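Asker: After the structure tokens below, expect a handful of questions from me.
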Amino acid sequence: LQDQFDNLEKHTQWGIDVLEKYIKFVKERTEIELSYAKQLRNLSKKYQPKKNSKEEEEYRYTSTRAFLATLNEMNDYAGQHEVISENMTSLITGELTRYVQELKQERKSHFHDGRKAQQHLETCWKQLEASKRRFERDCKEADRAQQYFEKMDADINVTKADVEKARQQAQLRHQMAEDSKAEYSSTLQKFNSEQHDHYYTHIPNIFQKIQDMEERRIVRIGESMKTFAEVDRQVIPIIGKCLDEITKAAESIDHKNDSQLVIEAFKSGFEPPGDIEFEDFTQPMKRTISESSLSNSRGDGKSEPKFGGKSKGKLWPFIKKNKGAGPEDFSNLPPEQRRKKLQQKVDELNKDIQKEMDQRDALTKMKDVYIKNPQMGDAASVDHRLAELGQNIEKLRLEVQKFEGWLAEVEGRLPARTEQARRQSGLYEAQNTSTVNSCAQDRESPDGSYTEEQSQETEMKVPATDFDDEFDDEEPLPTIGTCKALYTFEGQNEGTISVAEGEMLYVIEEDKGDGWTRIRRNEDEEGYVPTSYVEVYLDKNAKGA
């Protein structure tokens with residue numbers, strides 16, 4: 001290949017181009033892995049339950065817990081793709097990029113040496129050609145001088161001095177020709193030696209180095225391809241574990257347990273209605289009312305009145321959806337649900353009391369320190385806060401007593417409350433229908449006052465207002481637009497609703513000037529949020545827009 005120097009130069013440049021193309025390929029693969037991992041993480045985050053939301057309560061079921069485990073495993077799965085990207089970047093892209101720079105420098109050095117050897121040989125060739133032309137010229141000059149001398153020597157008219165001069169000139173030319181000959185011979189030997197060294201020593205050595213360089217490049221790209229596969233192979237066990245965990249989570253789903261949770265969550269505590277008795281209208285007799293979910297299950301012999309016939313065909317009065325904030329004592333809920341809500345409220349209030357007591361204890365200790373060491377602070381400065389905490393604790397304790405009373409009533413530990421207590425809690429309103437009044441007169445004493453037969457009426461009576469509400473044909477308020485939550489709002493007060501930042505909801509009532517907007521999440525959830533917390537988009541054709 002001593003005459004293929006240019007082709008070898010092109011081929012080695014092509015090899016470097018191939019290496020750079022492979023580096024670009026791996027780099028794009030790492031970008032794809034990162035993008036895929038990011039999308040997986042975003043997907044997992046998107047379906048994670050929001051804190052303090054209704055979704056979080058749904059994750060008590062085994063199926064939803066399995067889905068949550070799947071989301072967590074997908075997050076770990078995404079992490080393995082990030083590991084692939086990082087390892088490929090460090091072990092392949094970074095290493096090959098540095099190697100390409102070294103390879104370019106080495107290639108440049110080898111071809112520089114090759115060009116230098118070629119230039120040296122060309123210089124020797126030029127010297128040989130110059131020496132050859134000089135020898136040729138001197139030989140011709142010597143021949144002409146010899147012919148001129150012979151001509152002068154044969155001419156009888158030429159003086160002896162001219163002949164001698166021509167002879168000396170011929171001898172001089174012959175001597176110059178001999179010198180040129182010797183120089184040409186020496187230059188020729190030197191060129192042949194340089195040419196031999198060039199083609200048998202210098203160029204083979206340079207080509208061998210280029211060959212070694214090219215073979216190292218080929219080996220290196222092969223090793224990189226193995227690393228490319230090994231990086232993927234290393235994370236396969238971990239990815240397999242993620243998939244195994246997803247399978248394990250799926251196998252942990254217990255349909256019986258989930259069904260039982262639904263039963264526990266929604267059971268009302270009502271007994272199924274009894275059979276409806278036949279009413280014979282062929283003979284005048286008082287109509288009887290069948291036992292229903294509103295009758296006294298203890299069989300006290302006292303039947304409940306019918307509410308103006310409005311209950312016909314509707315024996316389950318507590319299935320009405322809650323269209324807003326309910327009563328404070330959750331009397332709008334079935335007994336079992338009401339008991340759970342009251343117990344939850346009592347637990348929350350006890351936690352609040354404990355927090356307030358912890359703060360009070362801490363301030364008391366701080367006050368003792370100030371008393372013992374006045375230079376650290378004024379003991380009187382915490383008295384106001386201690387008084388506030390005491391008042392808060394007392395208020396919370398009263399709240400606990402109130403809710404515990406309702407809870408005890410639901411659980412049957414206390415007799416049913418009197419009419420006055422019902423009025424105070426907002427659960428009972430006097431009914432103006434003649435049917436209800438006639439039933440109420442059956443329980444009046446001679447002086448016109450009501451008598452409570454507590455021994456026979458220990459069960460909770462159904463609030464008449466809630467009963468009537470079941471049959472109201474009240475339609476939900478129409479939506480007049482949409483809104484986007486600008487900030488997270490924890491709706492802890494009655495009538496408010498919690499929203500998360502960025503959540504889209506429906507607007508059903510504009511701000512009336514009090515700083516609150518009424519919104520709806522779905523058919524079951526609606527309430528008020530501060531107007532400053534949402535960005536409202538009213539429909540142009542909405543009423544009042």
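Each Cβ is built from the backbone N, Cα and C atoms, and glycine gets one as well.
Predicted automatically and left uncurated, TrEMBL annotations should be read as such.
Straight from TrEMBL, here's the annotation block:
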type	residues	note
COILED	149-180	coiled coil
COILED	339-399	coiled coil
COMPBIAS	430-440	compositional bias 'Polar residues'
DOMAIN	1-258	domain 'F-BAR'
DOMAIN	332-409	domain 'REM-1'
DOMAIN	478-539	domain 'SH3'
REGION	288-311	region 'Disordered'
REGION	416-462	region 'Disordered'
Asker: Determine the mean pLDDT over the coiled coil (149-180), rounding to the nearest whole number.
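Answerer: Taking every residue of the coiled coil (149-180) together, the mean pLDDT is 83.
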Asker: Taking a Cβ cut-off under 8 Å, which residues six or more beyond the ends of the coiled coil (149-180) line up next to it in the same chain?
Answerer: 131, 134-135, 137-139, 141-142
Asker: Could you count the residues of the domain 'SH3' (478-539) that DSSP puts in helix, in strand and in coil?
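Answerer: The domain 'SH3' (478-539) comes out at 3 helix, 29 strand, 30 coil.
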